[in-house]
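As written in TrEMBL, here are the features:
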type: TRANSMEM; residues: 34-54; note: transmembrane segment
type: TRANSMEM; residues: 74-91; note: transmembrane segment
type: TRANSMEM; residues: 134-159; note: transmembrane segment
type: TRANSMEM; residues: 179-201; note: transmembrane segment
type: TRANSMEM; residues: 257-281; note: transmembrane segment
Amino acid sequence: MTKSNLKFEKLFKIATMSMRLNGSHPSIIRDTRWFIQFSIIMINTFCCCLFLIYSICCHDIKTGKFSEASKNGTMVIVSITITLKYMVLLYHQASIREIINIMEEDYRRAQDTSKEDLDIVVRYAERGQTVCKFWLVFGFGTSAIFPIKAFILMAYYTWKDKFVLVPLFDLTYPQPIEAYKNVTVVFWILFVVTFVFDVYASSMYVGFDPMLPIFMLHTCGQLDLLNLRISKLFVEAEDRAEIEEGLKKIICKLQDLYKYVFIFVAQSFTLEIISLNYYLFAD
């Protein structure tokens with residue numbers, strides 16, 4: 001990894017690009033363009049959530065299709081969870097920006113220190129990248145199953161000379177949508193609506209969930225760095241004055257780290273609760 005790549009946006013571009021895709025990135029200007037995008041996403045998510053709830057309550061449970069009810073119920077939880085995650089990113093955007101700025105400053109300082117110090121910072125940054133890659137596979141990989149399944153089945157039925165429109169989500173819609181859902185125009189409108197929801201959900205997981213581990217790993221890296229400096233200080237220092245000067249620098253760094261941790265803890269509790277609630281309800 002080169003020094004020029006030691007920047008938050010470049011290191012964790014998987015997460016930051018996902019947040020920019022759905023407009024939740026803390027550095028995005030909240031202007032009219034963003035508000036229109038935000039409104040479309042929220043309305044689309046709300047409609048999908050209503051369709052899912054209707055299908056569960058008015059069809060799946062009544063007809064004894066409990067596996068379908070369970071699957072659609074999980075999607076309802078997803079729709080609520082990603083909306084909460086978006087709201088958290090909006091509410092804490094100033095704190096998240098400050099954390100990112102602190103990390104950027106730490107990366108800048110690391111470039112002017114010894115190779116040993118730089119290696120520690122890079123090692124923990126690479127672990128954060130690994131977290132991002134995991135969520136990329138988990139988030140977009142899981143969401144890609146739905147459109148891939150639909151297109152493969154449509155291609156298969158076409159090959160068998162009996163073309164069938166296969167929806168992204170197998171739902172029972174309220175009337176009159178249900179009566180016309182297999183009409184080509186209506187089908188593709190519903191397909192686009194559910195596909196937008198699918199992409200939005202995956203981008204929220206890929207953008208939101210790595211943030212907490214990334215911030216935590218950076219804290220661990222800075223503590224590891226301070227531990228190394230303290231160990232070297234008492235071995236390499238030639239006199240008491242040099243030790244005192246080194247300790248002053250370490251204490252100043254600790255104060256900066258305490259500030260970072262305070263901001264991090266202030267908003268990480270909310271992030272963790274939302275993620276934990278999703279996994280508890282999903283299970």
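Glycine is no exception: its Cβ is also placed from the backbone N, Cα and C atoms.
Within its own chain, the transmembrane segment (134-159) has Cβ neighbours under 8 Å at 14-15, 18, 165-169, 191, 194-195, 198-199, 201-203, 205-206, 209-210, counting only residues six or more beyond its boundaries.
Outside the transmembrane segment (179-201) by six or more residues, the chain places 21-22, 41, 44-45, 47-48, 78-79, 82, 143, 146-147, 150, 165, 167-169, 173 with a CB less than 8 A from a CB of the stretch.
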